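*Asks:* Below you will find the structure I want to go over with you.
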Amino acid sequence: MKPTAMALMCLLLAAVWIQDVDSKSMLTVSNSCCLNTLKKELPLKFIQCYRKMGSSCPDPPAVVFRLNKGRESCASTNKTWVQNHLKKVNPC
């Protein structure tokens, strides 16, 4: 393979990898509204507290869970597991 083609392929792979890493970390919070919500259930043991999103945020209605290591993740309040977790976790 030519060196320029190899370099171009490496750059392309790096760009795809960075995009994938970035999209996973952005599954959380953007200022005051959730852009995306979790697809899978978050174990209760990782959650410290929660806060509800304001009414000015677009659908779906969501909460932000503050996790043990200072991270935050959004979850849709339409999901049964989220409603159950809200009964067991204190607001922030």
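Cβ atoms here come from the backbone N, Cα and C positions, even for glycine.
Pasting the feature list from Swiss-Prot:
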{"type": "SIGNAL", "residues": "1-23", "note": "signal peptide"}
{"type": "DISULFID", "residues": "CYS33-CYS57", "note": "disulfide bond"}
{"type": "DISULFID", "residues": "CYS34-CYS74", "note": "disulfide bond"}
{"type": "DISULFID", "residues": "CYS49-CYS92", "note": "disulfide bond"}
{"type": "CARBOHYD", "residues": "ASN78", "note": "N-linked glycosylation site"}
*Asks:* What does the structure give for the C-alpha distance between CYS92 (disulfide bond) and CYS74 (disulfide bond)? Integer Å is fine.
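*Replies:* So the Cα of CYS74 (disulfide bond) lies 14 Å away from that of CYS92 (disulfide bond).
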*Asks:* Can you tell me how far the Cα of CYS57 (disulfide bond) sits from the Cα of CYS34 (disulfide bond), in Å?
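*Replies:* Just about 8 Å between their Cα atoms.
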*Asks:* Looking at the recorded positions CYS33, CYS34, CYS74, ASN78, which has the shortest Cα distance to CYS49 (disulfide bond)?
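*Replies:* Going through CYS33, CYS34, CYS74, ASN78 one by one, the Cα closest to that of CYS49 (disulfide bond) is CYS74.
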*Asks:* Identify, in sequence order, the residues in the chain of ASN78 (N-linked glycosylation site) that are 6 or more apart from it along the sequence and have a CB within less than 8 Å of its CB; answer 'none' if there are none.
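*Replies:* Listed in sequence order: PRO60, PRO61.
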*Asks:* For each of the disulfide-bonded residues (CYS74, CYS92), count the other CB atoms lying within 10 A of its CB, then report the residue with the highest count.
*Replies:* CYS74
*Asks:* Let me know the most crowded of the disulfide-bonded residues, choosing from CYS33, CYS34, CYS49, CYS57 and counting other Cβ atoms within 10 Å.
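*Replies:* Neighbour-count leader: CYS34.
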